[in-house]
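As given in TrEMBL:
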type     : residues      : note
ACT_SITE : E67           : active site
BINDING  : H66, H70, H76 : Zn(2+) binding site
DOMAIN   : 1-170         : domain 'Peptidase M12A'
Amino acid sequence: MVILKAFKEYHERSCIRFRPYEKGDKHWLLIKGNYSGCWSSVGRRQGGQILNLNTPKCVTHGVVVHELLHALGFYHQQSATERDEYVKINWENILDGHAHNFNKYARTHITNFGVEYDYQSVMHYSSLAFSKNGKATIEPLDPYASLGQRRGLSDKDISKLNEMYEQDCNGSYLLGFDGFSSYLDELLDYFQGNLEGLFG
């Protein structure tokens, strides 16, 4: 039900529409749980694109929403070109092998779609993310700001998402189920393969 509630948030707050995979679809999202960790490629990949949600730590509302945004084309907020105007990265505190999660990208690679940096984006890491010593890996330059949350999409996440998909706002991602099939297939059968039955 956690995954379906994440879909519901997208349906209620954005122009993105998820639906079950149908034979003949050229692109779809394949939700699995049999690999380690919580991850997705950024943006659409040819054919079936894997979004992995290893249980139990990855199957929470905020994590599912976060990984779906990766699949829809979002990088981490702290990777934004302008991030140095808003946060300081403490490289010395980052766990070995995880520094790439804090890379900053050029404007030719990533865009903010005219939406200001968002400390409260579901895509922003917390101040202790990947810390190897309990010290902050990211510090906000605004002393009153708190970093990141996993409650769901922020208002700025929604603004950016809708701007990003403005030209194709009748649903650009299709959904195929795998890995969680034993319990999701029952729900899909119950609603006769129509997720709108859950959200209507």
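Here the Cβ of each residue, glycine as well, is placed from N, Cα and C on the backbone.
Worth saying up front: this structure is predicted, and the values here are computed from it rather than measured.
Feature map: annotations from TrEMBL on the structure.
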residue	record	Cβ within 10 Å
H66	Zn(2+) binding site	25
E67	active site	21
H70	Zn(2+) binding site	18
H76	Zn(2+) binding site	22
- Item | Residues within 8 Å of the H66, H70, H76 Cβ centre (excluding the Zn(2+) site residues themselves) | S40, V42, E67, L69, F74, Y75, V122, M123
- Report the mean pLDDT of the predicted model across the domain 'Peptidase M12A' (1-170), rounded to a whole number. 92
- Separation of alpha carbons, the residue listed as 'active site' and H76 (Zn(2+) binding site) (Å): 10
